[in-house]
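To keep things clear, I will list the structure first and then write my remarks on it.
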């Protein structure tokens, strides 16, 4: 295990630098990677930068805004709508592509295995069929896992935690790149076809977000192409609004739930909200679900029948056949409690598993091996369960895609096979809609138990995969079981239609795992296209959330915390009124004078120990009597652009008329500004002076040092700031509040706890 080498005391942060040791190890012994990476969830990582939702209102910006007249603003507004339409169309098309490819590949796989099983059931030797199934699964998953582990690790998982962080204002590297999108789409196809316990719905949200970020910037860094369109939107403020529209479009393509998509963006993601944005996001979601619908209808050969609004279609729930009465409400609430407890168990197991993975399975080759192991085990478990099940149902009138006969009589099929021998989406619909009596309670119980552990093991593998569908499937199975046992208790009376309980169980399980309330209610209502169930679903989800939160937090929040992301919640911790800005802020602050030596700027930017991103600008008076008051704030990225273009005072009065820097020069460098090492400054140039007055933001947000933590937090969170300058009563800079300083404080079991910061 590595020992932290140097403790740097900065104010009261203990900064543990783990990087140096790892570098030393790698230089001496390139063969020996550490077997265990020490990981502690009480850390905040310093490798994540913050997004700046606040525009820098320097002179360049103000001049440009004053030049734009009313007509030009209208053009910008039209461009926004066009981008939203394009986001919707492309997200819908990506969803179609995933759906069609998965359907064909999975169909092919199941047909091959089914023919093989039918052949070997007659003459013995079924172990060969098992081998074939497991090998097919493992090889497909291997490809899907290799591309994720070796090409783009950020595409692993469902991508919802990453998008939540991005919309919260944390810049997660590579999260909205084109490369990530390609790997994500291929990875999700391969992992669903490989028979893992995963869904293809979660990754759609990430895909939509990547599409949105790409289109709104009008260029692709992965392709090294700049299309010179939409240049006005090249800043964090705009990009983030479009990403929330993309996430909503992804939800609506996945579930056919446009309103649910908007509410998802509102609940899980966006920190900033206004009516126009809502309307645009709704527009993007509608376009996306409509595109998916039209393309799939044409593909299925009936162009005028728009009946595929989403990737998963729960089928129609008829109110006449499946109404509910007031007496059933307590039963539903009880199901919510069960869902909350099971969800908490799922999350707790997954937490320990993820800690184990971070510590020991951090090499790509190990991750691929683990994914293949899970795929093979999933196939084996499925096969053994089908083999041992003696639950036979007549084939007539049943809508099974691949009926496996095995040891049943002719004209019958094995009902365990409908659950395992199918893509998870189809299994969910079967559990919702198969007529009463299609499943043996024993079958359902065994299936729930097995699938619970498989899904828990699968989430967090290095493959792109969502957790929505597996949790719906687990919930639907135990919900149906619950419904069947109710009708046993009441001697088979009619009111316990198992399908209705399957729906409530699915809602309870999903709510217990991911803890979404508002958006999930609407998504379930839209996916079942039935408003009658709105009330019970809402009750079930509320109960599941309350019960689950009592034990452990939601799956996505847990993964965000495990990755040590400085995530800011809606409110400051409840008991934090005793802290003031003086205790929270980082000190000492590196300040620049308004007219500064170039050499000083280069040295400050090259200093790796501080690595600040925002520098307060103070009055450049050498006279000591005067107060060095705060004059503005300048960002690292702006300074780098200034050095790159060599905007020095000495050059301004040369006969060569220097072209003034425009805002365009800063936009062209966004979002990946060159590092300071790549900029060459000669010895003579180091003696020049650089005038920051027209590039700095002359009106940065400040707080007095006596302000309480909740007040600072509210200002920081609501405006989406990246730097908040702390001043004393003479307007001198005493400190700086950044995202890490606020995210450090959070409520633990014993009350307010403070996390330490680590470089890794």
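Yeah, the Cβs are placed from backbone N, Cα and C, and that goes for glycine too.
Note that TrEMBL annotation is computational and uncurated.
Keep in mind it's a predicted model, so treat the numbers as computed, not measured.
Copied over from TrEMBL, here are the features:
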- 81-102: transmembrane segment (TRANSMEM)
- 130-151: transmembrane segment (TRANSMEM)
- 181-198: transmembrane segment (TRANSMEM)
- 242-264: transmembrane segment (TRANSMEM)
- 276-299: transmembrane segment (TRANSMEM)
- 329-349: transmembrane segment (TRANSMEM)
- 369-388: transmembrane segment (TRANSMEM)
- 442-461: transmembrane segment (TRANSMEM)
- 467-489: transmembrane segment (TRANSMEM)
- 501-525: transmembrane segment (TRANSMEM)
- 531-552: transmembrane segment (TRANSMEM)
- 696-754: domain 'CBS' (DOMAIN)
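Beyond its flanks by at least six residues, the transmembrane segment (369-388) meets 126, 129-130, 133-138, 140-142, 144-145, 194-197, 357, 361, 404, 406, 414, 416-417, 420-421, 446-447, 450, 454, 457-458, 461-463 of its own chain at Cβ-Cβ distances under 8 Å. A Cβ distance under 8 Å defines the sequence-distant neighbours of the transmembrane segment (531-552), meaning residues of its chain 6+ beyond its ends; these are 317, 319, 323-324, 328-329, 332-333, 335-337, 339-341, 343-344, 347-348, 351, 503-504, 507-509, 511-513, 515-517, 520-521, 524-525, 558.
Segment contact holds for the transmembrane segment (329-349) and the transmembrane segment (467-489), given three or more CB pairs below 8 angstroms at sequence separation of 6 or more. In this chain, the transmembrane segment (242-264) lies out of contact with the transmembrane segment (442-461); the count of Cβ pairs under 8 Å, excluding pairs fewer than 6 apart in sequence, is fewer than 3. The stretches the transmembrane segment (81-102) and the transmembrane segment (467-489) do not meet in space: the count of Cβ pairs below 8 angstroms, excluding pairs fewer than 6 apart in sequence, stays at fewer than three. Residues of the domain 'CBS' (696-754) grouped by DSSP class, helix first, strand second and coil last, total 16 helix, 22 strand, 21 coil. Computed over the domain 'CBS' (696-754), the whole-number mean pLDDT of the model equals 87. Long-range neighbours of the transmembrane segment (181-198) within the same chain, counting only residues 6 or more positions beyond its ends whose Cβ lies under 8 Å from a Cβ of the stretch, are 94, 97-98, 101-102, 105-106, 109, 133, 137-138, 140-141, 143-145, 147-148, 151-152, 155-156, 159, 206-207, 210-211, 214, 374-375, 378-379, 382, 423-424, 451, 454-455, 458-459, 461, 463-467, 469-470, 473. Residues 251, 255, 257, 259-261, 263-264, 266-268, 314, 317, 332, 335-336, 338-344, 346-347, 428, 431-432, 467-468, 471-480, 482-483, 486, 531, 533-534, 536-538, 540-545, 547-549, 553-557 of the same chain lie 6 or more positions beyond the ends of the transmembrane segment (501-525) yet place their CB under 8 Å from a CB of it.
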